[in-house]
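Below is one structure; the comments refer to it alone.
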Amino acid sequence: MDELQDVQLTEIKPLLNDKNGTRNFQDFDCQEHDIETTHGVVHVTIRGLPKGNRPVILTYHDIGLNHKSCFNAFFNFEDMQEITQHFAVCHVDAPGQQEGAPSFPTGYQYPTMDELAEMLPPVLTHLSLKSIIGIGVGAGAYILSRFALNHPELVEGLVLINVDPCAKGWIDWAASKLSGLTTNVVDIILAHHFGQEELQANLDLIQTYRMHIAQDINQDNLQLFLNSYNGRRDLEIERPILGQNDNKSKTLKCSTLLVVGDNSPAVEAVVECNSRLNPINTTLLKMADCGGLPQVVQPGKLTEAFKYFLQGMGYIPSASMTRLARSRTHSTSSSLGSGESPFSRSVTSNQSDGTQESCESPDVLDRHQTMEVSC
């Protein structure tokens, strides 16, 4: 039996530093819209034009960020242009989180996380968009997940970075309330995004985002968004039972790529989410030497993974890319017979836990297996 080979990706350069940090927050060739919904006005930024019947890539940022600070470093990355030439991009800013947003009036009731998800259908209708491939980070990943659960016909695929499918426990809630009395909101947000190792080691990145959160985001509005996220409900998703009709289980129906850095505070939450999703259409990407913002510090790896993801959905089949080191984790009940790919691959078995790992051609998607990727 062949030995499993790992191939390392060469692009591991952080995008943010003192010279180009500001540039990577900038928008290029964009159109901005303020769209009225039943739950308030939402700010949307469009890059490019929709391509025929193709879905639009729709992004949703995390707390303490907006679309610029969360995604522009990723979408301005050179290799991403191979993707954006085939897809329009729609960036959604949560209410009051966009650059230069005024404070909400006293007594304003900020939308719940469920209501934020329900603001998206009017956005698609207003822009005449038929379907999306969503990319969400943290709170944005939760919102897009809720949107996909409520409107599966509008979502073709999801890339969920640092997603937490669980409601905030009462102990966590009490701790956050207590910390809020002694800690400013900027420190709370930084602890949400970055682990202790990254907070101490990546000082330039932390300082860039500390200044952005404190100076570019309306602090009153940020507190409202943070409170909404802390009050989220459990997504109540569950892994389908083998042999059961998928329509009887509450789970994401679309192709889903879960992403988390190995030093991220969200690792446990993402692993929990993976355990609840359908292994047939879910991939878990764990990024080595990476913290809470993989789209910023490891754009090359994430871009390549996103290309594979789109290829698996039948888009951009001619995209040029290097080989990605991958390993699959199979359940013992999975069959390698009828679902076996015609492409060659090597498989190694772990007798102690009954799992198998494989390395295969990047354009192969075995729909009967759960895939776990490490890079």
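Cβ coordinates are placed from backbone N, Cα and C, and glycine is handled just like the others.
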In Swiss-Prot, the member of S333, S352, S358 to which phosphoserine is assigned:
S352
Hey, which of S103, S327, S338, S346 does Swiss-Prot call phosphoserine?
S338
Residue carrying phosphothreonine as stated in Swiss-Prot, selected out of T22, T329
T329
